[in-house]
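Asks: Take this structure, written in structure tokens, and hold onto it; I'll ask about it next.
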Amino acid sequence: MGHLSAPLHRVRVPWQGLLLTASLLTFWNPPTTAQLTTESMPFNVAEGKEVLLLVHNLPQQLFGYSWYKGERVDGNRQIVGYAIGTQQATPGPANSGRETIYPNASLLIQNVTQNDTGFYTLQVIKSDLVNEEATGQFHVYPELPKPSISSNNSNPVEDKDAVAFTCEPETQDTTYLWWINNQSLPVSPRLQLSNGNRTLTLLSVTRNDTGPYECEIQNPVSANRSDPVTLNVTYGPDTPTISPSDTYYRPGANLSLSCYAASNPPAQYSWLINGTFQQSTQELFIPNITVNNSGSYTCHANNSVTGCNRTTVKTIIVTELSPVVAKPQIKASKTTVTGDKDSVNLTCSTNDTGISIRWFFKNQSLPSSERMKLSQGNTTLSINPVKREDAGTYWCEVFNPISKNQSDPIMLNVNYNALPQENGLSPGAIAGIVIGVVALVALIAVALACFLHFGKTGRASDQRDLTEHKPSVSNHTQDHSNDPPNKMNEVTYSTLNFEAQQPTQPTSASPSLTATEIIYSEVKKQ
């Protein structure tokens, strides 16, 4: 049996492995009852790198140990054996020269390949000739190269073709991801993934699908992304537009028209005037135009790749009408009016001819109203009668097919002088109250005059009655001594009657005076 000790020390081991080995040899002191195990460091290994099969809980008092490729001890698949007494390693049939065994039974495999993927079994031979085994494993993945994207159609036609992208190369145990415009793949019914996500298909390509597109490949040990790829989507032409948008021109002006239609590749243009071909250019220029240049101008756009054609027709009118309309003026019959009483006339004045007039109220077109009338030609606006809601700003606009201009605004103020009925008594109610008060005062005055008159007459009559009874009283007085003692005293009664008309007064809680009051006056003889 040959000795492996010399090759063992000639193997180049990275400094990380040497550091790990030193630590294992220095501090390894497993408990005697622990189970023998192995650990792959790392478990997932990149192809061309190295892996260490680290042993834990190695028993004491051993004769030696051996490593085997697979999940069981098989002499034909022995990698290496190690005798502790001689500290010599002996290669087995499965040894590739890339393996290194350490005194602590750990096994280092360098420059691994995908064929190294799998299980490895350690067998330890104890001094009591009882063997103990432990199995570990690791997986070797390729170091992924930079992928690339292939396409079945790099110049698809919009709304017609489909495009299939494929991420190359095909690699086992690899994940494929796609990116569009530096974003992960969106959810869309037009995007389909197949072949383990290696193939991305775009259905019914549009001009917005130009990209860029990228594919990324990943495995547990590496990742890489392709260079971006863009699509050259052919489309168009869309309906062309002619600029500028002006329709009216003055004689003597220069006519310069430009045509544009979105298209890929760029469209080819041609011009027709009144149906007659003029030239094959994108721009059309006619100097010093006259009224004879009025007519229909047609722009024709063509895409030779898509085979599509589009046209646009624009009408040009050359006229003597003023290209600039002067600013009009508004004149008002009055600017402050009384609501529901007054009317007002607003007149829009301009020196231009061949123009039209329209009116605006509070930044809006003049509303339709039976009270608002426009004269022929819209020169005068009449409002009759003016209402509260008619207050605000008015202005007029004069325009022709070439230009327009607006007047300064004018403010219409609407006043209301009548007192609102809901805030007090109506004028009729106030007049009724005044008349009632005057009538009441007159009745009281008449009643008082009657009372004073009848009162004076009553006092005079009473005075006469008293005078007539005085002699009797006197006689009774004089004859007092002659009266018999038992004779009753004579009593004379005077009656005063006062009659007065009761005046009309408002209803009151106090009782009314009686029509007649009787006063009795008693005169006794002494």
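Just so it is clear, glycine is given a Cβ too, placed from its N, Cα and C backbone atoms.
Note that the structure is predicted; figures quoted are calculated from it, not measured.
I grabbed these lines from Swiss-Prot:
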COMPBIAS  461-482  compositional bias 'Basic and acidic residues'
COMPBIAS  489-513  compositional bias 'Polar residues'
DOMAIN    35-142  domain 'Ig-like V-type'
CARBOHYD  ASN104  N-linked glycosylation site
CARBOHYD  ASN152  N-linked glycosylation site
CARBOHYD  ASN197  N-linked glycosylation site
CARBOHYD  ASN224  N-linked glycosylation site
CARBOHYD  ASN232  N-linked glycosylation site
CARBOHYD  ASN254  N-linked glycosylation site
CARBOHYD  ASN288  N-linked glycosylation site
CARBOHYD  ASN302  N-linked glycosylation site
CARBOHYD  ASN309  N-linked glycosylation site
CARBOHYD  ASN351  N-linked glycosylation site
CARBOHYD  ASN378  N-linked glycosylation site
CARBOHYD  ASN405  N-linked glycosylation site
REGION    520-523  region 'Essential for interaction with PTPN11 and PTPN6'
Asks: Could you tally the C-beta atoms, other than its own, that fall within 10 angstroms of the C-beta of ASN254 (N-linked glycosylation site)?
Replies: 10
Asks: Determine how many residues of the domain 'Ig-like V-type' (35-142) DSSP places in helix, in strand and in coil.
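Replies: With helix first, then strand, then coil, the domain 'Ig-like V-type' (35-142) has 6 helix, 58 strand, 44 coil.
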Asks: According to DSSP, which of helix, strand or coil covers ASN378 (N-linked glycosylation site)?
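Replies: ASN378 (N-linked glycosylation site) sits in a helix per DSSP.
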Asks: Rounded to a whole number, how many Å is the Cα of ASN254 (N-linked glycosylation site) away from the Cα of ASN288 (N-linked glycosylation site)?
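Replies: Computed Cα spacing between ASN254 (N-linked glycosylation site) and ASN288 (N-linked glycosylation site) is 5 Å.
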Asks: Need one number: mean pLDDT over the region 'Essential for interaction with PTPN11 and PTPN6' (520-523).
Replies: 40
Asks: I'd like to confirm something. Which of the glycosylation sites, ASN224, ASN302, ASN378, ASN405, has a Cα closest to the Cα of ASN309 (N-linked glycosylation site)?
Replies: ASN302
Asks: Which site among ASN104, ASN152, ASN288, ASN302 has the most other CB atoms no more than 10 Å from its CB, taking these as glycosylation sites?
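Replies: Of the glycosylation sites ASN104, ASN152, ASN288, ASN302, the highest Cβ count within 10 Å belongs to ASN302.
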Asks: Using ASN302 (N-linked glycosylation site) as the reference point, find which of the glycosylation sites ASN152, ASN197, ASN224 has the shortest Cα-to-Cα distance to it.
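Replies: Comparing Cα positions, the candidate nearest ASN302 (N-linked glycosylation site) turns out to be ASN152.
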Asks: Using DSSP reduced to three states, classify ASN302 (N-linked glycosylation site) as helix, strand or coil.
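Replies: It is in a strand.
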Asks: Could you check which of the glycosylation sites (ASN152, ASN232, ASN288, ASN351) sits closest to ASN224 (N-linked glycosylation site), going Cα to Cα?
Replies: ASN152
Asks: Radius 10 Å, atoms counted are CB only; among the glycosylation sites ASN232, ASN405, which position scores highest?
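Replies: In terms of Cβ crowding, the pick is ASN405.
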Asks: When DSSP is mapped onto helix/strand/coil, what comes out for ASN232 (N-linked glycosylation site)?
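Replies: It is coil.
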Asks: Please determine which of the glycosylation sites listed here (ASN224, ASN309, ASN351, ASN378) has the lowest count of neighbouring CB atoms within 10 Å.
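Replies: Output over glycosylation sites ASN224, ASN309, ASN351, ASN378: least Cβ neighbours within 10 Å is ASN351.
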Asks: Using Cβ-Cβ distances, find the residues under 8 Å from ASN197 (N-linked glycosylation site) that belong to the same chain and are at least 6 apart in sequence, listing them in sequence order.
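Replies: Listed in sequence order: THR175, TYR176, LEU177, TRP178.
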